[in-house]
Amino acid sequence: MAAEIHSRPQSSRPVLLSKIEGHQDAVTAALLIPKEDGVITASEDRTIRVWLKRDSGQYWPSIYHTMASPCSAMAYHHDSRRIFVGQDNGAVMEFHVSEDFNKMNFIKTYPAHQNRVSAIIFSLATEWVISTGHDKCVSWMCTRSGNMLGRHFFTSWASCLQYDFDTQYAFVGDYSGQITLLKLEQNTCSVITTLKGHEGSVACLWWDPIQRLLFSGASDNSIIMWDIGGRKGRTLLLQGHHDKVQSLCYLQLTRQLVSCSSDGGIAVWNMDVSREEAPQWLESDSCQKCEQPFFWNIKQMWDTKTLGLRQHHCRKCGQAVCGKCSSKRSSYPVMGFEFQVRVCDSCYDSIKDEDRTSLATFHEGKHNISHMSMDIARGLMVTCGTDRIVKIWDMTPVVGCSLATGFSPH
């Protein structure tokens, strides 16, 4: 069912510890059980499985439960050993797991959505199960009564969710590329603000309640850090993935962001450096360097008897420039550009070699990652995806041993 991998330790890359195989369809969620050698998985094959590591080093299913509908999302609350599973039919089901993780009892079904559930969060303090779905809404239900408390609709599929337990703020990402910040109440909610920055659907969110930072990953292959706590609208762009960003995890202790994309890319971003905001793109009717007209500026084209040019933008200064004045390419990691992007000639000349030093490390997960989660205390990561495989990684070589020991170098 599962192979134990003995990789030769590499000082600079994640170490693959185990590979779990056995699901008959895509694995939509995999969660590490804290303080246990165990993983909980949910799959499109309609099963929830709890895998425990045996003496042989292999993971075997101690619980194998078949659902009525494909499993699309999952949340696990370790202190109360409660599992919440969202399904393709819109229902959320609650289970309680025994102390030895060998038995799972059904508790109740929540009629949360009319369509596929995309994300679930359980709040013990309020006894709410909060979820988003492809019926374009976020709902919150009482786990004591099983009743629907409230629901808020969006204009497109709600795809991901984060929740601040202290303030009862919910962050919901959707397929239009928008993130909505809501204040949830017992039977109502209010929209605080909407965040717009992505050019593709938002696939994942991560909220850090300590620094009050929100991270979002999207199908435009980019990550945005929203400084909610700073109250100045500061955003940082991180571009280094070559495919849709599927999962995020911020390590508060070491100020690192771990991200995974659907092509198997695993990135670790150093957020403990002074980064710069990417500029807003400026609009102009002519090149802001050589003043040649752009192709829609018919008057200047006629007056100067010249052909109009295509408009481009320098990623460093944001100016509208022609192709001739922006012929060079450069990475600029301090602004989040880990690979080469278009810059104008004057900005290219201003970028020093040390400015091109990468502020992230990139690794290969070697499978199509659709979901990732971490046990930050142990420096472990689990990835799963459309190839039906679950992989368990030791991330301490790339994020530092300080995680495992609780020691921060800062």
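A Cβ is built for glycine as well, from the same backbone N, Cα and C atoms used for every other residue.
Note that the structure is a prediction, hence the values are computed from the model and not measured.
The repeat 'WD 1' annotation in Swiss-Prot covers 22-61. DSSP places the residues of the repeat 'WD 1' (22-61) in helix, strand and coil in these numbers: 0 helix, 22 strand, 18 coil.
Remark: secondary structure over the repeat 'WD 2' (66-105) totals 0 helix, 22 strand, 18 coil, with classes taken from DSSP. Among the features that Swiss-Prot reports, repeat 'WD 2' is placed at 66-105.
For the repeat 'WD 3' (112-150), the model's pLDDT averages out at 97. For 112-150, the entry in Swiss-Prot reads repeat 'WD 3'.
Per Swiss-Prot, the feature repeat 'WD 4' maps to 153-192. According to DSSP, the repeat 'WD 4' (153-192) comprises 0 helix, 25 strand, 15 coil.
Residues of the same chain lying 6 or more positions beyond the ends of the repeat 'WD 5' (197-236) and with a Cβ under 8 Å from any Cβ of it are 157, 159-166, 171, 173-179, 181, 242-250, 252, 257, 259, 261, 269, 271, 275, 277-278, 336. For 197-236, the entry in Swiss-Prot reads repeat 'WD 5'.
Counting residues 6+ beyond its ends, the repeat 'WD 6' (240-279) has Cβ neighbours under 8 Å at 14, 200, 203-206, 208, 210-211, 213, 215-219, 221-223, 225, 234, 315-318, 334-339, 359-374, 376, 381, 383, 385, 395, 398-400, 402-403, 406, 408-410 in the same chain. Per Swiss-Prot, the feature repeat 'WD 6' maps to 240-279.
Residues or ranges marked as zinc finger in Swiss-Prot: 281-352.
Proximity of CYS287 (Zn(2+) 1 binding site) to non-local residues of its own chain (separation of 6 or more, Cβ distance below 8 Å) is seen for PRO293, PHE294, LEU309, ALA320, VAL321, CYS322, CYS325, given in sequence order. According to DSSP, CYS287 (Zn(2+) 1 binding site) is assigned to coil rather than to any helix or strand. What Swiss-Prot lists as Zn(2+) 1 binding site is CYS287, CYS290, CYS322, CYS325.
Positions annotated as Zn(2+) 2 binding site by Swiss-Prot: CYS314, CYS317, CYS344, CYS347. In the three-state DSSP scheme, CYS347 (Zn(2+) 2 binding site) is classed as helix.
As a summary of secondary structure, the repeat 'WD 7' (364-403) carries 6 helix, 19 strand, 15 coil according to DSSP. Look at Swiss-Prot and you will find 364-403 tagged as repeat 'WD 7'.
Annotation comment: Swiss-Prot describes SER408 as phosphoserine, evidence class a large-scale study or a structure entry.
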Residue, out of the binding-site residues CYS290, CYS314, CYS317, CYS325, CYS347, whose Cβ gathers the largest set of other Cβ atoms within 10 Å: CYS314
Dominant neighbour of the repeat 'WD 1' (22-61) in 112-150, 153-192, 364-403, by Cβ pairs under 8 Å: 364-403
Check: same-chain CB within 8 A of Zn(2+) 2 site center, minus CYS314, CYS317, CYS344, CYS347: ARG315, LYS316, GLY318, GLN319, VAL321, SER326, VAL343, ASP345, SER346, TYR348
Cα separation, CYS317 (Zn(2+) 2 binding site) to CYS290 (Zn(2+) 1 binding site) (Å, whole number): 16
Neighbour-count leader, CB within 10 A, binding-site residues: CYS322, CYS344: CYS344
DSSP three-state assignment for CYS325 (Zn(2+) 1 binding site): helix
Cβ-Cβ under 8 Å with the repeat 'WD 4' (153-192): same-chain residues at least 6 beyond its ends: 118-121, 123, 125-126, 128, 130-134, 136-138, 140, 198-207, 209, 214, 216, 218, 220, 226, 228
